[in-house]
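Visitor: Pasting in a structure now, in structure tokens, and then I'll have a few things to ask.
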Amino acid sequence: MAQAPARAASIVRLFDAHCHLQDPRVLAVAPSLIRAATAAGVARFAVNGTSEKDWHLVKQMAEEYPWVPERSPDWMDSLRRFFAETPEAAVGEIGLDKGSHGKTIDFGEQVEVFQQQLELAKELNKPVSVHCVRAFGDLLEILRQTGPFPAGVLLHSYLGSAEMVSSLENLGCYFSLSGFLTGMKSTKAKQMLKSIPLDRILLETDAPDALPKLDDISLLAVPVDSSSADNGESKKDSNSQASTTSNESLNHPSNIHIVMKYVASLLEISEIELAELTYKNAIKLFSYHGSKVHSEVETL
């Protein structure tokens, strides 16, 4: 779990519960993103890997972890070794996806790998960050079969229904909200948010993705890395999902303030209250044995 440098005491304290600062689209400018987000009050980041190819990058940032694509035959052995070498790591992101990208991966294979990763998280007594797109029914069934999860499950960029919240909560789930929430109809989003207990709400950016889509907001842009641009390296490699993504469409971690303001308005609570409660919730979730925030939970 990465801790940001010292921040100004006069601003709210935020915990970005899910992001990808190791993503090739922003890796070169990650230090400047972290500095800017820190200045805006983001005290900690949970950086998530997505495959074996980026585990070492996430480790260098002092954090987390993986899912299906491009895994090796001995991926589970590699995963276990990583956890043995990196006790501060949690599990994730892992998950299920029936969206446009997920359709390229056999769903039965997704389920098989997902179940193994959930079992490992339970065995290690670590929280797990879960990605779910258009598969919440399957997710709930698998979590019921495998759970409960005393160490916690972070449902990242949660866009599931209000009706599912209670069942998921009972299994140990937390509900992390990102800029994707702004794409949901506001009445539906409000109903869903009101169904989540305040002690289970988290905020995230999912940077460099999940750019908030609202009118009359001022978004912080991701700076161009001139050295990479000069070498033609500013785009993702050929294996990436968005090889032609422009910087204007990339999400800066400082934009977590947009998410905070939107969620607070729908919940009808103050931004300060939301910031503090979600920070405490994230510290509680990530205070497992060996984590870098373990000692902080006692001070809250």
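Including glycine, each Cβ sits where the backbone N, Cα and C put it.
All TrEMBL annotations are machine predictions without curation.
According to TrEMBL, the protein carries these features:
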BINDING   His18, His20, Glu93, Asp206  divalent metal cation 1 binding site
BINDING   His131, His156  divalent metal cation 2 binding site
COMPBIAS  239-250  compositional bias 'Polar residues'
REGION    225-250  region 'Disordered'
Visitor: Identify, in sequence order, the residues in the chain of Asp206 (divalent metal cation 1 binding site) that are 6 or more apart from it along the sequence and have a CB within less than 8 Å of its CB; answer 'none' if there are none.
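Guide: Non-local contacts for Asp206 (divalent metal cation 1 binding site): His18, Cys19, His20, His156, Ser157, Ser178, Gly179, Phe180, Asn251.
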Visitor: Would you mind reading off the Cα separation of His131 (divalent metal cation 2 binding site) from Glu93 (divalent metal cation 1 binding site), to the nearest angstrom?
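Guide: Their Cα atoms are separated by 6 Å.
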Visitor: Within 8 Å of the Cβ centroid of the divalent metal cation 1 site residues His18, His20, Glu93, Asp206, which other residues of the same chain have their Cβ?
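Guide: Output for this site, in sequence order: Cys19, Ala46, Val47, Asn48, Ser129, His131, His156, Ser157, Glu204, Ala207, Asp209.
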Visitor: If you count other CB atoms within 10 A of each CB, which of His18, His20 wins among these binding-site residues?
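Guide: Per the Cβ count, the most surrounded site is His18.
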Visitor: What residue among the binding-site residues His131, His156 has the most other CB atoms lying within 10 A of its CB?
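Guide: Max Cβ neighbours within 10 Å, all protein chains included: His156.
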